[in-house]
Each structure stands twice: as structure tokens, then as C-alpha cells.
Amino acid sequence: MTGSEGNLIPAQDQHLRRMLPNPERVTSVVDNEHIIRSAFASSPEKGFETLFRLYFRPLCSHAVRFVYTREVAEDIVGEVFYQLWKSGSYATVQHSYRTYLYAAVRHRAFNYLRDELTGNRTATSLDDLGDTGQDETPQTLIEYDETFQRVEKVIQELPPQCQRIFLMSRFENRKNQEIADELGLALKTVEAHMARALQQLRRVFLPMGLLFFQFLH
Amino acid sequence: MEDLVNKAVLFDYFSGRVSPLQKKSVESWLSEGSNRELYYQWLHEWEMNRLQTNTNWQLVYEKTAQRINNTFPAVEEQEPPPKTWTISRWGGWISRSGLLAASVALLLMAIGWLFRDALLYKTVRTGFGETRSLTLPDGSAVTMNANSSLRYSRWFGTSIGVGNRTLIADSAHENPRMVELTGEADFSIRHLPNNRRFVVMTPGGLKVTVLGTQFTVFSRERATRVALRSGRVQLTTGQKTTPPLIMQPGDLVTLNRQGKLDLTRTAHPESMAAWKDHRFNFDQTSLREIADILHENYGLVVTIGTSQLAGRTISGSFTAQNANELLKLIAQLLQVNYIRENDRVSFTD
């Protein structure tokens with residue numbers, strides 16, 4: 001992050017440069033908020049552009065910790081921005097934009113993962129989440145944090161080849177056949193590895209999944 | 001508690017490197033509402049120092065901006081289009097090209113006749129592995145299972161025009177809401193003030209006549225079945241000798257090979273529509289029958305190693321989002337192997 005700072009922000013934008021997070025320098029949150037609010041004051045378009053510039057990347061990075069697919073993470077974050085615009089709530093955001101965005105993205109990402117692993121995924125799961133997750137309890141916050149940590153742990157503990165194939169499939173958006181060709185494996189082997197990875201993920205969520213399942217009945 | 005939680009602790013906590021006690025103190029720190037802002041501030045900082053993906057925010061920004069522009073200004077554009085077709089121009093236009101207009105009209109009629117089916121009827125199809133919910137023009141809700149099709153009139157549910165007064169008067173019987181179903185679908189019918197009937201036709205010649213109710217129709221090569229959850233439906237078959245049958249809630253009726261209706265009771269009529277939740281209910285269901293289900297829902301051609309294997313059964317309720325999940329589940333439950341190559345699946349001991 002520190003190394004690429006210069007590429008991100010033109011040198012003349014010194015006021016923005018100060019906003020950039022840096023291990024040695026505390027991110028000035030208040031200033032971030034100030035910039036966003038003054039951008040929204042000039043026009044909603046400017047406001048949204050600023051929100052995207054400041055928060056899109058870290059939000060995607062955070063959502064990926066849950067869903068482990070780049071496209072899905074980007075869709076989730078994009079949808080949160082879109083809903084923020086569509087509902088018009090950008091004008092009345094309580095607390096900070098950062099809190100609103102992170103809470104909404106985490107809420108969506110968590111629900112997406114839960115639905116995927118417990119088999120309740122529907123076509124509308126992504127779009128129809130009206131609830132933006134703004135009324136979370138400390139327990140919810142911790143549940144979310146534990147969730148992405150567990151996902152990470154599962155993936156870390158996959159056998160090397162299985163992990164490699166899983167990441168190629170989910171992050172590079174490669175077809176099983178392409179992966180098989182590149183690694184010189186049979187298609188069936190690749191599919192087996194993918195199935196194994198998903199099964200491991202599901203196994204970790206099984207206690208939670210069962211709870212949810214019982215709740216449904 | 002406050003002094004136990006600081007930025008370093010929270011960073012460790014995000015990375016999953018805190019003791020259970022520390023986690024407990026984070027939890028009580030979070031119950032202080034004012035700390036939520038700080039929590040997200042630190043989460044943001046933590047994330048910024050550990051970015052995992054490289055995304056191009058400009059691309060998504062433009063995409064989102066476009067999506068917003070497509071949705072919102074469109075409302076303004078929906079004002080009536082400028083009326084450039086003035087009366088005076090009409091007169092001149094017709095006289096100049098009356099012949100042309102007539103031939104165009106003729107051509108349109110010919111095309112209309114050729115495509116009358118597409119013009120008069122709307123057909124909704126689901127592919128293999130796909131379920132779909134839709135609302136019919138009369139407000140009734142239908143959920144279709146995979147590999148099914150539903151055909152209904154485009155004028156479905158609308159009243160007949162002024163010229164047909166007699167029809168309106170007796171519309172409850174003369175002008176029922178008709179749909180044709182091949183495959184499986186679950187219906188929740190809206191009762192209309194004028195008591196208009198709702199009729200489901202199946203290729204097997206079975207007719208389900210309804211007055212506001214919830215039921216599931218299964219109409220595939222293997223069998224034709226109707227399960228009633230609530231309300232009342234009347235079944236008629238193509239055979240004149242079979243009297244119509246009135247179903248009560250909890251009835252399960254199967255159309256047998258001779259075209260007769262077999263009535264049994266089921267404690268769970270809703271389980272016939274379990275597929276709505278991607279659920280599969282098996283009750284001593286043999287692998288042979290499951291092979292039929294795989295064929296009907298996902299278009300798979302299934303071969304089973306031995307007839308002994310084909311006779312093994314599964315009981316229980318399971319969810320599976322797609323064919324692969326279902327296959328894996330079956331293989332695990334029966335402790336057997338399977339090989340899938342495109343649409344071909346074979347089970348072996």
C-alpha cells in the first residue's frame with residue numbers, strides 16, 4: 001500500500017495524500033468524512049466518486065474475506081453503493097459514511113456466504129436485502145469477524161494443490177477445464193479438488209448451517 | 001475495560017490472534033455504542049494495510065453511474081412522445097400511399113396469423129436445474145420446477161371487451177382462466193370477485209378446476225399427480241366415463257395408466273412442492289426413482305450398475321442447489337461412487 005501511494009493520488013492532491021492510510025500515520029477519519037460531505041454538498045455525483053475512491057478497494061478486500069470470489073465481492077460492494085444512491089439515504093447517513101458502508105457490506109457478504117453454504121441461495125438473495133445491517137449488536141459484529149476468520153482458516157488449511165485450484169477458480173475466474181489444462185491434470189481431478197474445498201468450507205459452517213436449517217422448519 | 005482494548009488489540013482481534021478473554025473484553029467494549037465508530041475506523045485501517053485484491057474502482061464507479069442513469073432519468077423520458085402525427089398530415093399520407101398502407105396491413109395480418117401462437121399466448125419455460133416464481137396477470141402466484149413449461153393467454157385475467165356482454169354475465173363458467181402445464185408447478189390461486197374459475201390443463205388430459213386455493217401439479221411422462229394444500233379443486237379427465245372428482249385438502253390424486261384417478265391421503269401435501277426451497281424429500285425412495293428425478297430436473301441420463309443398487313432406498317429431507325450437489329449427496333448417503341461426464345451419470349457400488 002505504502003509503495004503504491006504515489007500511483008494512486010496525483011502529487012498535486014496533497015490534501016488527499018494526507019488521507020491515505022499509512023502504518024506510520026493514523027488515517028484521519030474525520031477528514032475523510034469531511035471530504036466526502038463537502039463533495040456531496042457540491043453534487044451527489046462528486047460525493048459518490050469520492051466514496052468510491054476512498055472506500056471501494058478496502059470494502060472489496062473485506063467482502064472477499066467472506067465470499068472468496070472477487071466478482072461476488074465487487075457485486076456486493078457495487079450493490080451497496082447503488083442502494084445508497086437509490087434509497088436516497090446518502091443524504092441522511094447517520095454516523096459516518098464509513099460505518100454505513102462497512103456495516104452494509106459485511107451484512108450482505110455474511111448473508112451471501114451463509115445462503116451459499118446452507119443451500120438457501122436464490123437469484124434474488126443479492127438484490128433483495130433491504131436491511132442494510134445498520135442495527136447490529138456487539139454479538140453480530142463478533143459473529144461477522146469470526147466468520148471471515150474461519151473462512152480464512154479453512155482455506156489456509158486446504159492441501160496446497162487444492163488451495164491453488166480453489167484460488168485459481170474463484171479469483172482468476174478460470175474454468176475447471178482451463179485449470180486442468182494449465183496444471184496438466186484431469187478435469188475430474190480439478191472438479192474433485194473444488195468439491196473438496198467447498199465441502200471443507202461447508203463442514204466448518206455445519207453447526208451454524210444446521211441451526212439455520214432448524215430455524216427454517 | 002476501556003484500557004484493555006486499544007488499536008493494537010483490535011488489530012490482533014481482526015487477525016484472529018487474541019485470547020478468549022481479550023475477545024470478551026472486545027465484546028463489552030463494543031457494547032458501548034460510541035465505540036462502534038472507532039471499531040469501523042480501525043477495521044478500515046486494518047483492511048487498508050492488508051488489501052487482498054486489486055480492484056479498479058473507476059470501472060465499477062462508471063458501471064454504477066450508468067446503472068443509476070439508466071434507472072432514474074428514464075422516468076422523465078416516459079412523458080408522452082411529441083405528437084408529430086397531426087391530422088392534416090394523416091389525410092395527405094393516406095391519399096398518397098393508400099395502396100402501400102393496405103398492403104402493409106395485409107402483410108401484418110399474414111405475419112400475425114403465422115405467429116398467432118406467440119401473439120395470443122405467453123409461454124414461460126424453465127431450464128434444467130432452474131426454478132422460477134411468477135405472478136400471473138390475475139395476481140395468482142405460480143412457482144415452476146425445473147424443465148417445465150406453462151402456457152397462458154396474453155389476455156389472461158382481463159375482462160372481455162364491451163361487445164361480449166353475454167360472456168361477462170356468465171364469465172364464471174364460460175371464460176375460465178386457463179393455463180397449460182407440462183412439468184411441475186405449485187399454484188397459489190387468487191380468488192376473483194366474479195368467481196372466475198382457474199383451470200390447469202395437462203398433456204395427460206387431466207383438468208384441474210379451481211376456486212382460489214393452493215395446490216401442486218406434477219405432470220411429467222412418469223406420472224401425473226395433484227396435491228391439494230388448501231381450498232377445493234375439481235379434477236376431470238379426458239375420459240367421459242370417469243366422473244369429476246372433488247379434492248379435499250391433504251388429498252393426493254394420481255392419474256393412473258388407465259386414465260383413472262387414484263386418491264390417497266397425504267399428511268404433508270406441501271412436501272410435493274419441496275423443490276421450491278431446493279429441497280428433496282425422500283421416503284424409502286429408490287435410486288431408480290431418484291434417477292428419474294435427476295432426469296426430469298437436470299436432464300441427466302443416469303445408468304445404475306446393478307439392479308440391486310437401483311433398488312436401494314434413501315429417506316430424509318435434503319437440500320441441493322444443483323445436480324452436482326444432489327449427486328454428491330446421494331453418493332454419500334448410499335456410500336457408492338458415481339462418475340459424471342456432461343449429461344451422463346453412472347452409479348457403481
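Positions of Cβ are set from backbone N, Cα and C atoms, glycine also.
What TrEMBL annotates here:
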- A:51-116: domain 'RNA polymerase sigma-70 region 2' (DOMAIN)
- A:149-201: domain 'RNA polymerase sigma factor 70 region 4 type 2' (DOMAIN)
DSSP residue counts for the domain 'RNA polymerase sigma-70 region 2' (A:51-116), split into helix, strand and coil: 58 helix, 0 strand, 8 coil
Secondary structure content, the domain 'RNA polymerase sigma factor 70 region 4 type 2' (A:149-201) (per DSSP, counts of residues): 43 helix, 0 strand, 10 coil
Overall pLDDT for the domain 'RNA polymerase sigma-70 region 2' (A:51-116), taken as the rounded mean: 87
